[in-house]
Amino acid sequence: MNIKNIANVDNETAKYIKLETERQKNMLEMIPSENYASKAVLEAVGSVLANKYSEGYPRKRYYQGNKYIDEIELIAIERAKKLFKVPYVNVQPYSGSPANAEIYLALMKPGDTLMGLTLSYGGHLTHGSPVSMSGAVYKGVLYDFGEKGKIDFDELEKLALKVKPKIIVASTTAYPRIVDFAKFAKVADKVGAYLLADISHIVGLVIGGCHPDPVPYAHVIMTTTHKTLRGPRGAMIMVTQKGLKKDPDLADKIDKWVFPGLQGGPHDHVTAGIAVCLKEAGTVAFKRYVKQVVANCKVLASELTYYGFDLVSGGTDNHLILIDTHNKGINGRLMAIGLEEAGIILNRNWVPKDEAPPFFPNGIRLGTSALTSRGMREKEMKKVAAWIHKAVEAMKTLEFDYKTWVDIAYGQKKDPQKRKRLDSTFYNLISICPDIKKTAQEIKNFCKRYPVPGIDF
Ligand code: DSN
């Protein structure tokens, strides 16, 4: 990216943008909620639209000078309506968490019940967790899934009949399987609840026909725009025909709770980025891209299984994989740190029935969306799996007492100071481990062959 103007006025910030650019080029980005926006999207986000205030909605603004902004917001709305086949879209939410809050404010009163998937089974904080406003202001009743690693809809129905939720959220952030919106709808309709489909992770797959479409089943759909959609950091709220049938005022209520209810002026530069990414998402090339994301993920899952990794639910149907790290004897936090040193970026994550506190979960979550955006395919996934395996095997050979670290991190011998000292020991060992260093160099060389969209090489 050209940042010469930043360098002229602020060398310190420019230095770190350059370093971050290099990091994104030289490492394997595998956090499933991340992706690379195109140059066109980045240009929109870096444009003069960031200078404008536009409280209100197109043709109904509280500020002057919005005639072009109106057109851009209308383009984004129309593109989303066409792509998803929905009658109403709001493109102003700043991100996924405020968007979910806006939906809750529009549909519930404080104290009403909301049902969402438990965090450790792949749910999201904003789906009723007690540590978020969704569980503090509303009564969050959390569901999980049984031994089979998939949602048990008989159990879900029993729970819904008991707690009578106002909203059931059908959504996941660390769930490697298909979300069965039809079955969720059956339960929601039976108890008279709204069905909210938060498709932030899978939105690209839905557009590309690689995941069932929530539109016939949900009343409201929320998605962020920067994950599999490859747009800017933002979100959209959509209301379906089914939603309008249940409540003809639903769209108006949501508009009011986005602005003035929760937000101020929309981020017009982001709205333009959303318009651009929706145009890109309507192409045949985008459909090809998401098909490849899923194909890559399947190959990666089967290779990781071959190397003895324990995959939650035994595999994947989508863009992500969740690994239970218990059988490798390395806590997810340490494994993620070690893999970063080797050039592989992913995140630690709770796994079902995890006994660990959230900061030290026994899982890692990884996906193929960003690597596929760089043009990697099945054969590259095999290499990636082999590097992950090699790095984890190298971690096992370190003179490091993983068991004591666990005892101290979250066991009976809780001692934060000692844990920090052990962390430093681990960092030191990993930074000088020859196999990890070799892997990082191999990955750096390999990455040179796969340009990052949006970055000039
Ligand atoms: N933080 C996002 C994720 O990683 O899934 C969701 O908000």
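In case you wondered, yes, glycine gets a Cβ from its N, Cα and C as well.
Annotations in TrEMBL come from automatic prediction, not curation.
Quick look at what TrEMBL lists:
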- 7-388: domain 'Serine hydroxymethyltransferase-like' (DOMAIN)
- LEU119, GLY123, HIS124, LEU125: (6S)-5,6,7,8-tetrahydrofolate binding site (BINDING)
- HIS226: site 'Plays an important role in substrate specificity' (SITE)
- LYS227: N6-(pyridoxal phosphate)lysine (MOD_RES)
Which of LEU119, LEU125, all binding-site residues, has a Cβ with the fewest other Cβ atoms inside 10 Å: LEU125
Residue pair GLY123 ((6S)-5,6,7,8-tetrahydrofolate binding site), HIS226 (site 'Plays an important role in substrate specificity') - Cα distance, angstrom, rounded: 18
Any further residue of that chain within 8 Å (Cβ to the Cβ centroid of LEU119, GLY123, HIS124, LEU125) of the recorded (6S)-5,6,7,8-tetrahydrofolate site: GLY116, LEU117, THR118, GLY122, THR126, HIS127, GLY128, SER129, SER132, THR173
Cα-to-Cα gap, LEU119 ((6S)-5,6,7,8-tetrahydrofolate binding site) vs HIS226 (site 'Plays an important role in substrate specificity'), nearest whole Å: 21
Integer Å distance between the CA atoms belonging to LEU125 ((6S)-5,6,7,8-tetrahydrofolate binding site) and LYS227 (N6-(pyridoxal phosphate)lysine): 17
Conformational class of HIS226 (site 'Plays an important role in substrate specificity') under the three-state DSSP mapping: coil
